[in-house]
């Protein structure tokens, strides 16, 4: 009988033999990789996108970000770079976010890829931090297996697109990261410590909603039955202290918004104002539940105001009351459900118009932090329902894939202003502001007729839209329709007498209609409002020149260059008139000052070169005219003038070469033909001499 030999095996390849700790670590790594992937993939379509919507104001034209003003002034400026104490300030104080823009600008300047990469990284970090908080809450409330599914939903939810794909939305991302990190710290330590306070401050200095971290922490303590009176008092004191300091930064003043920003806030009836607010709250909730028709701007007719009880939307308070009653009923059954609801509601409070008026009616970006509570809520509901549905996993995967697809498409729409505004028009065709924005983009791209059509639509939807009146008037003026332009611009300044740009544009239209008295009055009205407008002074100078007041024209242009040394049109016109008045010595005297400000302005070089030639400084003249040609190689005038200069210097071959370039650019140029003929006759005469 054969004996069977059994060999001892020192290890096993069976994954089932792994310890629970190893399994947990492996699953944790898998979950993290899935969340990182899902946070990045939907937003790949926005990489390399332009600066769109309010990016120009918060980044490109922000003097702190672009380095025109010292970085230390970040603490005295609002989010848009204006002085926080100014009456025109938006009163949004977010120095942490602005500092990250400053760093981006230092590294990438106006190349947008780096900005978008940072935003996507921030969204990924926010998702991972949310996952960490969710795992902690699972243990506190004994309600397991919700953190991962909630975090997946958070990673791919389409309502986050504005916060992630729009670079300016970084304020929401940073605020949420610091807020959730503070909550993680609080859940772990229970007591208030320096790290928690620092994270709350960083969150608040990223965006004002961050202050709501403290009430959320209080709710966690209360629902987890671990609150004590002393800790509660410290929390309230911290909330009051940070809130007081934040209001002190604003000088205890609220931002001043217009009816265009938030129409509901300007309703005369407090009753209907409250009804409209409740509808707006429900609409935000609707965007979380059904994120299908997303829009970058919901103002100006997109959501019409409720002004009668016959409007079904007037039932919004009843619906909210019903939801609250249902929530109260479930609070004892599931504390995690209650916390999720409170987390969403509390973090939304700063945008609710309850405590102060905000500068929008509906905004998707403000839902970034509140959506964390919503995602937890969805995970809890899904877990409860999955018990009763066999194919719950298939349905959830299908839903996630649909959300990824929607987010990917939506983030692609944020890539350019044209695609963004076009998508907005399909959702809110009655929004005058979208028509206005689309008109502006089309006009900037040279599509004048399409731009005019959108401006007319904006004015039709809102006849008092003075900015649309101004832009359309300006566009029509450029196309030669000064009469219609004058009519539109006159309406704009009637609607807003302090509209300096419209007064200036009205003056230009009146000047082109030869209404010089009215034009001068309009331009001076503009300067009364904005005395340091170099462009308005330039146009006033043009008016003086047309009415044969050369000295006053030169004075206006000199003032323009004093205010803005880089105003090239003023330098050019000033030099032309000085040359015309035989004052070339002044042109030469001012040339260094001009070229130090506008070194790459071809017309300035040309005029300086012309004056040097008149003073027989041929070498200097040649250098400046050549510089002008280098900057504008296709200018017939520049090549012709260089040919004339060479002819005066008896450098006939070089003169002939310049005239032939002129004729190649403009075959009918009479001056070049005549001068070339003279050169040929001269050469022929010289060749016949003995």
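One-based numbering along the chain as shown.
For all residues, glycine too, the Cβ spot is worked out from N, Cα and C.
The compositional bias 'Basic and acidic residues' feature in Swiss-Prot is assigned to 15-24.
The topological domain 'Extracellular' annotation in Swiss-Prot covers 54-110 (among others), and the record cites a curator's inference as its basis. For the topological domain 'Extracellular' (54-110), DSSP puts the residue distribution at 26 helix, 2 strand, 29 coil.
The DSSP breakdown of the topological domain 'Extracellular' (160-166) into helical (H, G, I), extended (E, B) and coil residues amounts to 6 helix, 0 strand, 1 coil. The topological domain 'Extracellular' feature in Swiss-Prot is assigned to 160-166 (among others).
Per Swiss-Prot, the feature N-linked glycosylation site maps to 166 (among others). Within 10 Å of the C-beta of residue 166 (N-linked glycosylation site) there are 26 other C-beta atoms, taking all protein chains into account.
The topological domain 'Extracellular' annotation in Swiss-Prot covers 256-273 (among others). Using DSSP to sort the residues of the topological domain 'Extracellular' (256-273) gives these counts of helix, strand and coil: 8 helix, 0 strand, 10 coil.
Under the heading topological domain 'Extracellular', Swiss-Prot lists 329-341 (among others), citing a curator's inference as support. For the topological domain 'Extracellular' (329-341), the mean pLDDT of the prediction comes to 77.
Taken from Swiss-Prot, the feature topological domain 'Extracellular' applies to 387-690 (among others), supported by a curator's inference.
Residues or ranges marked as repeat 'TPR 2' by Swiss-Prot on the basis of sequence analysis: 432-465.
Same-chain residues lying 6 or more positions outside the repeat 'TPR 5' (534-567) and placing a CB less than 8 Å from one of its CB atoms are 500, 504, 507-508, 511, 516, 519-520, 523-524, 526-527, 573-574, 577-578, 580-581, 593-594, 596-598. Residues annotated as repeat 'TPR 5' in Swiss-Prot, with sequence analysis given as evidence: 534-567.
Per Swiss-Prot, N-linked glycosylation site is recorded for 559 (among others). Long-range Cβ neighbours of residue 559 (N-linked glycosylation site) (same chain, at least 6 residues apart, Cβ-Cβ under 8 Å): 537. Under DSSP, residue 559 (N-linked glycosylation site) is assigned to a helix (H, G or I) in the three-state scheme.
Under the three-state DSSP scheme, residue 600 (N-linked glycosylation site) falls in the coil class. A 10 Å cutoff on Cβ-Cβ distances gives residue 600 (N-linked glycosylation site) a total of 11 other Cβ atoms nearby, all chains included. Annotation source Swiss-Prot lists N-linked glycosylation site at 600 (among others), citing sequence analysis.
The N-linked glycosylation site annotation in Swiss-Prot covers 617 (among others). DSSP gives residue 617 (N-linked glycosylation site) a coil state; it is part of no helix or strand.
The annotation N-linked glycosylation site is assigned in Swiss-Prot to 686 (among others) on the grounds of sequence analysis.
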Helix, strand and coil residue totals from DSSP for the repeat 'TPR 5' (534-567) stand at 27 helix, 0 strand, 7 coil
What does DSSP give as the helix, strand and coil breakdown of the repeat 'TPR 2' (432-465)? 27 helix, 0 strand, 7 coil
Counting across all protein chains present, how many other Cβ atoms fall within 10 Å of the Cβ of residue 617 (N-linked glycosylation site)? 16
Rounded to a whole number of Å, the separation of the Cα atoms of residue 600 (N-linked glycosylation site) and residue 617 (N-linked glycosylation site) comes to 22
Same-chain Cβ contacts of the topological domain 'Extracellular' (160-166) under 8 Å, 6 or more residues past its ends? 43, 46, 49, 52-55, 116, 119-120, 122-123, 154, 172-173, 294, 296, 363-365, 367-368, 371, 407, 410-411, 414-415
